[in-house]
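K.L.:
Here it is, the structure, as structure tokens.
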Amino acid sequence: MKNTEPRKPIKMEDFLRPQMFQQWTRMVHFAWKRDGSNRLVKSSSIGFWISAALNLVFFAFNGWDIIGHLMMGEPTNQNPPVFCITIYFSIRGLMLFLKRSEIVNFVYALDRECPVDIDKQHEIRLERTYSSFWMRYRFLRVYAHLGLPMFCCLPLAVYLLTNDGLGAPITQHQQLLGGWMPFDVRRNPRFYLLVWLFDVSCTACGVSFFLTFDNLFNVMQGHLIMHLNHLCRQLEAIDPAESLTNEVEFFDGLRTLVQRQQLLNRLCGQYNDIFKVAFLVSNFMGSGSLCFYLFMIAETTDLFMIIQYILPTMVLVAFTFEICLRGTQLEEASARLESSLRHQTWYMGSSRYRKFFLLWLQYSQRTQKLGAFGLIEINMVHFTDIMQLAFRLFTFLRSQ
């Protein structure tokens, strides 16, 4: 088996590396580097402005088309599954932009808690967290750099195989994203390649938003769980009998542990505040997108369209499952703090420690959960709810 143990200290920016296609397209939304004092700082925001320009043009065109369809009954060229998931991705990008200051401050906080000494990194088991990250990063790299070109090139292949000549208008299933453009450009075969390149740019923008959100969400969660598990091991190592022999030093150590627990609880609260709007939107837009994709797969007999729609469907299901799983993992890691305290031989400690223990145990019962404004909790039950909602919407569409 290949040895994955790092040969040098792991740095926080090792977890925050973008995918290669994000670097090629200059859609790196958070670029990180070290300054002269070895502090982690965010360098460039050009990725946000490129993405903002593409989103503004795309939604301006399609918003005008939708308004014209609703107000004047004009025919529309909208592709509901694609438009729905475009909104899903873009809202995540908007959340990243609006919460960029909070994200940067949170990353700075994690960097301060990440030791630079190899022995301390082994103590908190940072290498395990990095190994898990690196395995997932490589999988996403393969999926993004194979799935994205396949998704973009399938409509082009359909057009080359099914077009009826240079004078024939472009149909919706020959387009990548569909929608509307001025002067009926989307249906004009002379501009097909230009429109396709614009659609590819918008698709890369949406996927880049998705990958940036996903990486930040998982890296933050992985570090929080790593620190919570380390704190659990420290709680399990407490010997209450020492409170009888060396009370001052013993309670100094307890004070440090309690302060660290309070810090981790604050970080968990900040982590939830960063992503809670995205959680709430995902509950509806994710279900709607999944419903539309299932409907298109069930209704079409075109092999190219089935392959094209299966890719984003698999992504939606897999990443929705993972987000809910991450919420469950964080909740369980937080709950283990109480379990670690309960398994102590607290009755062997001094009277002062037993009083302190009761207060500490009560405080530790407040497990950290991911949620959105008290409306939903992000766990495996929530994943079941999303899948059920998507299936109900799918059944409703099939019945009409």
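The backbone N, Cα and C atoms fix where each Cβ goes, glycine too.
TrEMBL lists these features:
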{"type": "TRANSMEM", "residues": "46-67", "note": "transmembrane segment"}
{"type": "TRANSMEM", "residues": "79-98", "note": "transmembrane segment"}
{"type": "TRANSMEM", "residues": "142-161", "note": "transmembrane segment"}
{"type": "TRANSMEM", "residues": "191-213", "note": "transmembrane segment"}
{"type": "TRANSMEM", "residues": "274-297", "note": "transmembrane segment"}
{"type": "TRANSMEM", "residues": "303-325", "note": "transmembrane segment"}
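Relative to the rest of the structure, where do these features sit?
P.N.:
For the transmembrane segment (142-161), the list of distant contacts is 19-21, 170, 173-176, 192, 196, 199-200, 203-204, 207, 211, 302, 304-305, 307-308, 311-312, 315: same-chain residues at least six beyond its ends, Cβ to Cβ under 8 Å.
When Cβ-Cβ distances below 8 Å are used as the criterion, the transmembrane segment (191-213) is approached by residues 18-19, 21-22, 25, 27, 29-30, 47, 50-51, 54-55, 58, 85-86, 89-90, 92-93, 95-96, 140, 144, 148, 151-152, 155-156, 159, 170, 174-177, 181, 185, 278, 315, 319 of the same chain, each at least six residues removed from its ends.
Here the transmembrane segment (274-297) has long-range neighbours at 80-81, 84-85, 87-88, 91-92, 95, 99, 102-103, 106, 213, 217, 220, 305-306, 309-310, 312-313, 316-317, 320, 323, 370-373, 375-376, 378, 382, 385-387, 389-391, 393-394, 397-398, meaning same-chain residues at least 6 beyond its ends whose C-beta is under 8 angstroms from one of its own.
Remote same-chain residues near the transmembrane segment (303-325) are listed as 81, 85, 143, 147, 150-151, 154-155, 157-158, 173, 210, 214, 217-218, 279, 282, 286, 289-290, 293-294, 296-297, 378-380, 382-383, 386-387 (criterion: CB distance under 8 Å, separation of at least six residues from the stretch ends).
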K.L.:
In the same chain, which residue numbers or ranges, 6 or more beyond the ends of the transmembrane segment (46-67), come under 8 angstroms Cβ to Cβ?
P.N.:
22, 25-31, 76-78, 83, 86, 90, 93, 96-97, 100, 177, 179-182, 201-202, 205, 208-209
K.L.:
Report, as numbers and ranges, which residues of the same chain sit near the transmembrane segment (79-98): CB under 8 Å and 6 or more residues beyond its ends.
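P.N.:
Distant contacts of the transmembrane segment (79-98): 29, 48, 51-52, 55, 58-59, 62, 172, 175-179, 202, 205-207, 209-210, 212-213, 216, 275, 277-278, 281-282, 285-286, 288-289, 292-293, 295-296, 309, 312, 316.
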